[in-house]
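Written below as structure tokens is the structure these notes are about.
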Amino acid sequence: MSVTAPLGFRAAGVAAGIKDGGQRDVAVVINDGPHHSAAAVFTKNRVKAAPVQWSQQAVADGQVRAVVLNSGGANACTGAAGFQDARTTAEHLAAALNDSADRIVVCSTGLIGERLPMPKLLAGVDAAVAEAARDGGLNAADAIRTTDTVSKIAFRRGSGYTIGGMAKGAGMLAPSLATMLSVLTTDAVLTPEQCTALLRAATEVTFDRLDTDGCTSTNDTVVLMASGASGTTPDEAEFSRLLTEVCQDLCRQLLADAEGATKAIAIEVVGAASTDDAVTVGRAIARNALFKCAIYGEDPNWGRVLAAVGTTDAVFEPDNINVAINGVWVCRGGSVGDDRAKVNLKPRDVTVTVDLSAGSASATVWTTDLTVDYVHENSAYST
């Protein structure tokens with residue numbers, strides 16, 4: 001179950017011919033209410049795609065009726081014409097739903113710099129609306145894939161309500177948000193203000209800490225829609241926990257499907273002076289090509305970890321840093337620790353723990369190894 005697990009939502013994914021080979025490439029997620037509270041977070045890349053620019057305006061009043069998504073083209077760096085294409089897409093879906101275009105979020109993913117084939121896209125929107133149903137969540141999740149090899153879906157049951165979600169992303173995964181489109185839905189009764197606060201809290205500790213290749217997309221969008229169809233006003237603490245779990249579940253799936261990856265790496269930074277320091281250190285390690293290559297080669301090279309830590313302005317004393325790789329403390333006090341031969345890097349899941357010995361704050365950042373397959377895939381992405 002996916003975005004249609006909560007009551008009040010319909011979805012569909014169809015093949016409109018934007019991508020080759022008859023693959024699904026247009027999706028809609030429709031909120032049939034009775035409420036339409038919503039919030040969204042977007043890329044912090046200053047080069048924002050046209051659908052991001054449109055959707056930032058659309059979600060500003062906290063009311064969203066539907067989301068339309070396409071894969072096969074990012075509609076980024078396409079100028080005023082690209083923005084008009086995003087507007088036209090919103091207007092087209094709004095007309096089909098007898099609603100207003102300023103209540104439609106538009107998302108696109110794919111190659112940057114090319115206009116979308118609008119006749120195909122609009123025909124796809126019509127087909128998706130016609131097919132939209134309570135069991136359409138899986139097809140919708142399939143339609144937003146680009147280099148993803150599998151669809152990503154998740155849901156959780158709360159006390160009288162449900163939270164569902166879908167996401168896409170396999171490359172350009174880096175804060176803010178990681179390269180992703182994600183639609184989250186709930187049938188809980190929430191205000192727009194609650195949606196905003198809860199979504200930001202969840203993404204801050206999940207999507208924002210997924211960093212596979214240091215490349216921030218132009219199109220990142222995560223939107224939360226609340227239909228209120230369950231009639232349940234949730235306990236905020238419980239809802240926040242479950243929403244974070246859904247986002248974390250999707251993050252794990254994104255990490256598992258990252259382009260060319262053979263290892264899923266959790267970088268746990270503890271003993272930091274602040275959470276910001278912990279995140280900064282985690283990101284520095286996650287983006288260090290030498291470290292990522294070492295993990296690919298199953299080499300527990302803790303020196304590369306320390307070298308990455310040293311590039312940050314986090315508070316620490318080099319002689320107080322400890323590093324463990326898969327539970328073996330290979331570095332103690334900034335120098336040689338336990339026998340690195342004890343480290344088993346055969347499993348796909350790898351945990352690197354860095355103790356800065358500078359405080360009590362902590363954070364985890366997720367990344368992958370750097371592989372030959374990643375280079376091959378991204379050297380031929382547009383050809």
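We number each residue from 1, going along the chain as drawn.
Glycine is no exception: its Cβ is also placed from the backbone N, Cα and C atoms.
Cβ neighbours within 10 Å of LYS168 (substrate binding site), excluding its own Cβ and spanning all shown chains: 28. Annotated substrate binding site per Swiss-Prot: THR146, LYS168, THR179, GLU259, ASN378, THR383, in sequence order, evidence recorded as sequence analysis.
What Swiss-Prot records for THR179 is active site, nucleophile.
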With every protein chain in view, what's the tally of Cβ atoms within 10 Å of the Cβ of THR146 (substrate binding site), excluding that atom itself?
21
